[in-house]
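Engineer: Submitted below is the structure of interest, expressed as structure tokens.
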Amino acid sequence: MPAFYGGKLTTFEDDEKESEYGYVRKVSGPVVVADGMAGAAMYELVRVGHDNLIGEIIRLEGDSATIQVYEETAGLTVNDPVLRTHKPLSVELGPGILGNIFDGIQRPLKTIARISGDVYIPRGVSVPALDKDCLWEFQPNKFVEGDTITGGDLYATVFENTLMNHLVALPPDAMGKITYIAPAGQYSLKDTVIELEFQGIKKSYTMLQSWPVRTPRPVASKLAADTPLLTGQRVLDALFPSVLGGTCAIPGAFGCGKTVISQALSKYSNSDAVVYVGCGERGNEMAEVLMDFPQLTMTLPDGREESVMKRTTLVANTSNMPVAAREASIYTGITIAEYFRDMGYNVSMMADSTSRWAEALREISGRLAEMPADSGYPAYLAARLASFYERAGKVKCLGGPERNGSVTIVGAVSPPGGDFSDPVTSATLSIVQVFWGLDKKLAQRKHFPSVNWLISYSKYSTALESFYEKFDPDFINIRTKAREVLQREDDLNEIVQLVGKDALAEGDKITLETAKLLREDYLAQNAFTPYDKFCPFYKSVWMMRNIIHFYNLANQAVERAAGMDGQKITYTLIKHRLGDLFYRLVSQKFEDPAEGEDTLVEKFKKLYDDLNAGFRALEDETR
């Protein structure tokens with residue numbers, strides 16, 4: 001019999017034929033072996049036991065199937081029924097996804113909490129992922145009856161919220177001649193909005209479509225990415241940029257700030273939509289996201305303030321939820337991201353953390369008695385990671401009108417003890433193009449974001465050169481000089497520890513002081529202040545320009561004075577005479593972007609000119 005919760009929550013109806021059933025032979029944690037499953041397919045969705053627990057077939061041998069169950073298996077016994085559904089694990093895609101929170105297999109947590117009245121998810125619960133009764137404002141495009149339409153064509157617009165319009169596309173595998181298209185009005189997800197005829201067969205479609213999570217959604221072609229992912233974090237935007245459609249990894253030990261960087265990207269990046277997957281991380285981190293995001297606002301180009309939650313979907317699969325569902329949560333998240341990409345949007349997907357996903361793979365692999373590889377992880381770990389990260393990219397979308405979309409994947413990795421030679425980290429680094437390596441020592445010094453500028457890298461710098469040339473022709477040279485200064489500081493630190501600062505040449509003292517400026521007042525950023533939580537790219541460029549300009553002018557002044565008979569210019573003299581300008585360099589980060597771009601650029605230009613005037617006056621004095 002179906003189970004009832006509060007008189008409303010019912011599980012799968014069990015009036016199917018007996019031939020659709022197998023029976024449980026063995027239970028080992030989340031892994032169940034069932035017999036009598038002849039004809040079943042790999043990755044087919046099944047319902048296990050009298051509670052109808054959701055499971056997925058991961059191995060077939062003869063008529064026995066090995067199933068990973070996405071819910072707690074306590075209470076399952078031998079000979080319990082296993083019902084086949086004849087479909088793979090799929091997600092529902094349609095209006096209502098944004099602003100929602102799902103678990104790893106796309107069950108809506110708010111709805112379950114409201115209906116069951118419990119803080120925990122009842123076992124075997126079956127609730128539609130999207131509300132089928134909610135009415136949506138449907139506005140058809142230029143298609144009329146008699147037109148030919150193919151998979152991926154956008155045939156209507158649905159008003160999802162004040163931030164985003166939901167563009168309704170025909171499922172990728174559909175095509176035909178339109179025999180009916182719904183007029184403008186309000187419709188639910190159960191209502192037919194378009195009917196097609198192909199080779200004499202009529203098919204009707206609603207605004208809802210279903211897609212198997214392990215199958216990438218088809219695209220017309222892949223494109224080279226050339227637009228930066230602006231995160232609002234200076235160290236990432238200026239030194240190690242990613243692109244819209246890129247792949248990034250954030251490895252770091254516990255307490256280094258991976259989650260804060262992931263959340264900052266969700267809040268402030270220039271993406272149109274964000275899918276945040278909490279995969280096996282602490283439950284209170286997801287709770288923090290749920291409390292913070294609805295209160296956070298973003299300012300649109302027309303000056304409107306909108307809630308960040310309106311462009312965000314959360315997939316919560318915390319560490320106390322069943323292990324097997326962690327694997328599903330990553331695929332659920334990327335499929336939702338691909339759905340919005342197909343509308344022509346730029347989507348970011350945060351996976352926090354892929355290490356927990358790999359640990360779930362390791363546990364299931366151990367239960368299946370597979371041969372372990374490095375650190376007990378399965379031999380196919382790298383292949384699974386690659387197949388996930390390869391679903392990122394900038395694409396030309398299927399169907400018309402012609403449009404481009406992108407999925408950017410940012411995966412946090414938690415290597416034990418911060419050891420980057422860990423199998424998950426090394427497999428991830430062989431795939432991703434951007435590496436934002438977090439450093440425990442920087443985090444202990446309270447330098448956040450604790451991205452180590454000596455080990456991090458980005459392979460997208462060349463792809464973004466044309467963008468930088470248009471934005472600011474000087475930026476590439478300034479950035480190269482800043483990197484040289486930071487690298488030179490690292491080389492000089494050993495000498496300083498041996499002989500002290502005073503024994504250094506004047507040029508080296510200037511290098512050390514400039515590197516300190518870059519480290520403490522440029523790369524470090526306070527995520528909890530209104531002026532520094534988000535740094536627009538123009539502010540990042542101007543701050544770096546002024547610091548490097550100070551470095552160049554100071555070096556030139558010292559070199560010129562060295563070849564003359566007058567008073568020698570030393571670093572101590574520069575700092576003493578130009579202390580006010582030095583203080584203004586340090587204070588650049590306190591300029592609030594809320595004042596507007598023109599006001600801030602004016603202030604930065606004035607500082608640039610004042611630096612020129614200050615050094616000119618100093619050289620005149622010492623002649």
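Cβ atoms are placed via backbone N, Cα and C, with glycine included.
Because the structure is a prediction, the values reported are computed rather than measured.
Below, the features straight out of Swiss-Prot:
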type	residues	note
BINDING	G252, A253, F254, G255, C256, G257, K258, T259	ATP binding site
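If you look at the structure here, what lies around each of the features I listed?
Structural biologist: All protein chains included, T259 (ATP binding site) registers 22 other Cβ atoms within 10 Å of its own Cβ.
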Engineer: Fewest neighbouring Cβ atoms within 10 Å: which of the binding-site residues G252, F254, C256, K258?
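Structural biologist: Selected from the binding-site residues G252, F254, C256, K258 on minimum Cβ neighbours within 10 Å: F254.
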Engineer: Tell me which of the binding-site residues G255, G257 sits in the most Cβ-dense spot, judged by other Cβ atoms within 10 Å.
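Structural biologist: It comes out as G257.
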Engineer: State the count of C-beta atoms found within 10 angstroms of the C-beta of A253 (ATP binding site), not counting that atom itself.
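Structural biologist: Result for A253 (ATP binding site): 18 neighbouring Cβ atoms inside 10 Å.
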